[in-house]
Amino acid sequence: MPTDQDYGRQTSIEEKLARQREIDEWLPITSARNAKWWYSAFHNVTAMVGAGVLGLPYAMAELGWGPGVAILVLSWIITLYTLWQMVEMHEMVPGRRFDRYHELGQYAFGEKLGLYIVVPQQLIVEVGVCIVYMVTGGTSLKKFHDTVCSSCKSIKLTYFIMIFASAHFVLSHLPNFNSISGVSLAAAVMSLSYSTIAWAASVHKGVQPDVQYGYKAKSTAGTVFNFFSALGDVAFAYAGHNVVLEIQATIPSTPEKPSKVPMWRGVVVAYIIVALCYFPVALIGYWMFGNAVKDNILLSLEKPAWLIAMANMFVVIHVIGSYQIYAMPVFDMMETLLVKKLHFKPSRMLRFVTRNIYVALTMFIGITFPFFGGLLSFFGGFAFAPTTYFLPCIMWLAIYKPKRFSLSWWTNWMCIIAGLFLMVLSPIGGLRQIIIQAKTYKFYS
């Protein structure tokens with residue numbers, strides 16, 4: 001017969017499970033699971049097509065025609081493959097969902113090692129993107145102001161970054177991914193719009209009279225470092241993997257209709273839109289301006305003024321949505337730590353304080369180090385390459401263990417080697433660029 005102790009133990013387990021369920025229903029990633037496949041499409045477009053697309057013509061100028069086209073196409077193929085792997089791995093254990101990147105890492109590498117491998121890289125990517133987007137949002141607002149009112153008194157970039165951040169002090173309090181779907185949809189539409197404006201305005205401007213396609217750097221060392229830096233710019237442009245499991249977690253799933261089917265449909269649509277944004281901007285931008293193109297293509301386009309002003313405003317709206325997409329998993333990590341480990345009570349006040357501190361911190365760092373181009377390539381190589389190009393492949397090899405020398409085995413190892421090269425080389429170029437820009441930079445000027 002069951003004793004009182006057995007009943008007590010059973011009640012205790014039920015209470016723990018009920019509390020766990022209550023916490024999961026409060027946390028941003030697991031609180032809503034009613035997303036449709038098109039949510040996956042525009043969330044992925046918003047996550048992927050970021051400010052990085054505007055730096056692609058500049059990356060092409062540092063890579064050259066042949067290597068540039070090859071690296072762009074290869075990156076598109078490799079990242080689509082690794083994204084497919086992550087979608088497949090989301091529900092590979094029957095009855096369980098890996099709702100967060102680090103949960104998949106823990107399953108592949110072990111409880112502690114998985115956390116140590118994935119969480120630092122994911123945080124570098126997500127916090128890094130938020131900082132870079134603070135700078136991008138502020139820079140685009142400043143460009144909009146200067147284009148619309150060229151005779152007005154010049155205003156510091158610092159103030160524009162603060163104006164951009166003010167939107168996030170409000171939007172950051174939306175509870176979960178589904179609640180930011182409207183912001184994300186607007187951002188996805190804007191990304192397609194300003195990419196189209198960037199290449200269409202370049203075509204309208206025509207090939208510049210003194211256009212040159214040779215490498216800009218005077219020395220061999222300079223050319224090599226710039227090449228490394230451009231690799232990071234490309235890696236930064238393909239960064240959506242860091243939030244893909246979290247996006248998939250919002251889609252309902254049953255054994256008959258697993259979430260990977262609508263998720264993959266959304267990813268394919270998103271990648272077609274990514275190609276429509278990236279390739280025309282990169283190739284046409286470089287073709288028209290050659291190696292004189294600026295690290296943000298919209299800065300190279302001065303006329304027609306109203307169109308460039310509009311494009312910059314589209315960039316602002318887009319990076320508002322992108323910031324939220326990348327901030328949401330960070331909010332989830334912070335709130336999980338506070339509620340599950342430090343046993344804070346799930347409350348609006350807790351959310352209000354933690355999220356405002358995060359927005360303020362990214363704003364402060366963005367104001368302090370607004371080196372847009374250098375930041376792109378440094379973060380791009382340092383953290384984006386592992387989480388996008390080869391970490392999914394390592395997990396796939398660890399979990400599925402494909403037969404040695406099979407097609408799957410070779411494909412994954414080739415992606416891992418390419419990603420490792422990217423991770424080692426591109427931060428070198430990015431760091432050099434930051435050092436060069438920092439020589440002439442005055443803090444908060």
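Cβ from N, Cα, C; glycine included.
Just so it is clear, the model here is predicted, and its values are computed rather than measured.
Feature annotation from TrEMBL assigns domain 'Amino acid transporter transmembrane' to 34-429.
If you look at the transmembrane segment (37-56), the same-chain residues 6 or more away from its ends with a CB under 8 A from one of its CBs are 72, 129, 132-133, 136, 177-178, 181, 184-185, 187-188, 191-192, 194-195, 198, 233-234, 236-240, 242-244, 247-248, 250-251, 262-263, 265-267, 269-271, 273-274, 277-278, 281-282, 285, 295-298, 315, 318-319, 321-322, 325-326, 372-373, 376, 380. Sequence annotations record features per position, and here TrEMBL assigns transmembrane segment to 37-56 (among others).
Positions annotated as transmembrane segment by TrEMBL: 63-84 (among others). Below 8 angstroms of C-beta separation, residues 56, 213, 215, 227, 230-231, 234-235, 237-238, 240-241, 244, 264, 267, 271, 274-275, 278-279, 282-283, 286, 388-390, 392-393, 411, 415, 418-419 of the same chain, each at least six residues beyond the ends of the transmembrane segment (63-84), sit close to that stretch.
Counting only same-chain residues 6+ beyond the ends of the transmembrane segment (113-136), those with a CB under 8 A from a CB of the stretch are 50-51, 101-102, 104-107, 161, 164-165, 236, 239, 242-243, 315, 319, 322-323, 326-327, 329-330, 333, 362-363, 365-367, 369-372, 375-376, 379, 382-384, 386-387, 391. For 113-136 (among others), the entry in TrEMBL reads transmembrane segment.
TrEMBL lists 157-174 (among others) with the feature transmembrane segment. Note on the transmembrane segment (157-174): residues 134-135, 137-139, 141-142, 145, 180, 183, 316, 319-320, 323-324, 327, 331, 351-352, 355-356, 358-360, 362-363, 366-367, 370, 444 of its chain, located 6 or more positions outside it, place their CB under 8 angstroms from a CB of the stretch.
Under the heading transmembrane segment, TrEMBL lists 180-201 (among others).
Residues 38, 40-42, 44-45, 48-49, 53-54, 56-57, 59-61, 65, 68-69, 72, 76, 80, 83-84, 87, 188, 191-192, 195-196, 198-199, 202-203, 205-208, 211, 213, 237, 240, 244, 297, 300 of the same chain, all 6+ positions outside the transmembrane segment (267-289), place their C-beta atoms under 8 angstroms from a C-beta of that stretch. Here TrEMBL flags 267-289 (among others) as transmembrane segment.
Same-chain residues lying 6 or more positions outside the transmembrane segment (309-331) and placing a CB less than 8 Å from one of its CB atoms are 28-29, 43, 46-47, 49-51, 54, 100-101, 122-123, 125-127, 129-130, 133-134, 136-137, 140-141, 143-144, 147-148, 164, 167-168, 171-172, 174, 176-177, 180, 183-184, 186-188, 190-191, 193-194, 197-198, 201, 242-243, 246, 298, 301, 351, 354-355, 358-359. Per TrEMBL, the feature transmembrane segment maps to 309-331 (among others).
Annotation source TrEMBL lists transmembrane segment at 352-372 (among others).
What TrEMBL records for 378-400 (among others) is transmembrane segment.
Taken from TrEMBL, the feature transmembrane segment applies to 412-435 (among others).
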